[in-house]
Amino acid sequence: MLTAEDKKLITQLWEKVAGHQEEFGSEALQRMFLAYPQTKTYFPHFDLHPGSEQVRGHGKKVAAALGNAVKSLDNLSQALSELSNLHAYNLRVDPVNFKLLAQCFQVVLAAHLGKDYSPEMHAAFDKFMSAVAAVLAEKYR
């Protein structure tokens with residue numbers, strides 16, 4: 001459960017991400033592919049080389065979905081319902097991968113934002129990403 005303070009910190013953090021969504025999203029995907037090569041199996045039709053147009057495009061989609069979730073912190077289930085359906089029923093992505101990508105996204109934030117990514121912000125964003133992963137996995141039950 002996100003507290004009022006968590007929501008405030010998440011919103012502040014996302015303001016820092018604005019303008020870097022494609023960059024951060026694609027870098028998070030690249031990190032995931034390197035650290036967890038088994039995740040590449042969900043992208044057989046992608047050119048997975050660093051900086052490829054497909055990875056940049058999907059990274060932008062990931063970051064946009066997270067941005068949409070940030071705007072709907074009080075109703076993540078509704079905000080992510082279509083995405084949950086897509087990943088559960090069409091793409092059949094193993095839900096563990098949501099947590100892997102969340103971890104990689106946090107590494108990207110820490111690397112780019114440095115001191116602006118405070119321990120409090122990190123903790124709040126970790127709770128947020130856990131909530132997002134849980135919502136995306138809801139349809140698997």
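Glycine is no exception: its Cβ is also placed from the backbone N, Cα and C atoms.
Going by Swiss-Prot, these are the annotated features:
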type: DOMAIN; residues: 1-141; note: domain 'Globin'
type: BINDING; residues: His58, His87; note: heme b binding site
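Confidence in the domain 'Globin' (1-141), given as mean pLDDT, stands at 90. Over all protein chains present, the Cβ of His58 (heme b binding site) has 17 other Cβ atoms lying within 10 Å. In the domain 'Globin' (1-141), helix, strand and coil residues by DSSP number 111 helix, 0 strand, 30 coil.
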